[in-house]
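Taken verbatim from Swiss-Prot:
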SIGNAL    1-25  signal peptide
TOPO_DOM  26-179  topological domain 'Extracellular'
REGION    41-84  region 'Disordered'
COMPBIAS  41-57  compositional bias 'Basic and acidic residues'
COMPBIAS  68-79  compositional bias 'Low complexity'
CARBOHYD  Asn158  N-linked glycosylation site
TRANSMEM  180-200  transmembrane segment
TOPO_DOM  201-208  topological domain 'Cytoplasmic'
TRANSMEM  209-229  transmembrane segment
TOPO_DOM  230-257  topological domain 'Extracellular'
TRANSMEM  258-278  transmembrane segment
TOPO_DOM  279-297  topological domain 'Cytoplasmic'
Amino acid sequence: MEPRALVTALSLGLSLCSLGLLVTAIFTDHWYETDPRRHKESCERSRAGADPPDQKNRLMPLSHLPLRDSPPLGRRLLPGGPGRADPESWRSLLGLGGLDAECGRPLFATYSGLWRKCYFLGIDRDIDTLILKGIAQRCTAIKYHFSQPIRLRNIPFNLTKTIQQDEWHLLHLRRITAGFLGMAVAVLLCGCIVATVSFFWEESLTQHVAGLLFLMTGIFCTISLCTYAASISYDLNRLPKLIYSLPADVEHGYSWSIFCAWCSLGFIVAAGGLCIAYPFISRTKIAQLKSGRDSTV
């Protein structure tokens, strides 16, 4: 096999691996995870003996869970009916009065991706029981459209407006993340097709075009991943922090799905670099050989 064909085959293999990793990342839900078990244990130690034994593991009243059946009284404040409830709706329904202490906040182990946010099973017995009985939803869809503003109890109007503006900005960050990832997959697929065509037609030209498409995919992936990180940071630093930030002892961080996306980015940049750099390297070698022959003559 000629060196150019070998480089093209290697680039095509890297790009196909990158495509598989990127599709895996997009369609899995383990981009970001939270684990409040350590926080829960510290809260239980601090209030030991204050609650009955069967209530020590409950951090959230049942009325604030995303229930499937008829909504509690507080949920009637939502315009458009109870169908808008999701795992985060307790933030808007409780008001600040119910969140005067960190241990009074409803915190459960969750994992989320681009499309859904779900509870982990097997970590908290209360949420496990409610999910198994069909009372609470295990997963809720992440919104990519702006819904009607939610009326918030016990929160000043200015703060309510700030929360709604933050929701709007967060929605834009999510759209940018999903949009650029979709474009990355489309451009990467085109690059793989062009790299395959290079084995049969205009090898030098098609290899160069495939390299440019691979590098463009890398740019789209970089924008998307950085925007996703910005959306997570923005969400955790929203006001009021008593509602949106996490306590210091809650473990949270990125999970394996986003690492698949970063590995995909590395593979595609390597593939694009090979396709772009090889023609220049080969030309340099040819020029050196010609100069060597001329000098001997």
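From the backbone N, Cα and C atoms, a Cβ is placed for every residue, glycine too.
For the topological domain 'Cytoplasmic' (201-208), the list of distant contacts is 4-5, 7-8, 11, 194-195, 275-276, 278-279: same-chain residues at least six beyond its ends, Cβ to Cβ under 8 Å.
There are 8 other CB atoms within 10 A of the CB of the residue listed as 'N-linked glycosylation site', with all protein chains counted. Nonlocal intrachain contacts for the transmembrane segment (209-229), taken as residues 6+ away from its ends with a CB within less than 8 angstroms of a stretch CB, comprise 8, 11, 15, 18, 22, 31, 173, 176-181, 183-184, 187-188, 190-192, 194-195, 198, 258, 261-262, 264-265, 268-269, 271-276. Beyond the transmembrane segment (258-278), the same-chain residues lying 6 or more positions past its ends with a Cβ under 8 Å from any Cβ of the stretch are 3-4, 7-8, 10-12, 14-15, 17-19, 21-22, 24-26, 28, 31-32, 181, 188, 191, 195, 207-208, 210-215, 217-218, 221-222, 224-225, 228.
Across the topological domain 'Cytoplasmic' (201-208), DSSP classifies residues as 6 helix, 0 strand, 2 coil. Mean pLDDT for the topological domain 'Extracellular' (26-179) in this predicted model: 71.
Within the chain, the topological domain 'Extracellular' (230-257) has long-range Cβ neighbours (under 8 A, six or more residues past its boundaries) at 24-25, 28-39, 42, 91, 94, 96, 99, 102, 105, 107, 111, 113, 159, 162-163, 166, 169-170, 173-174, 177. Under DSSP, the residues of the topological domain 'Extracellular' (230-257) split into helix, strand and coil as follows: 13 helix, 4 strand, 11 coil.
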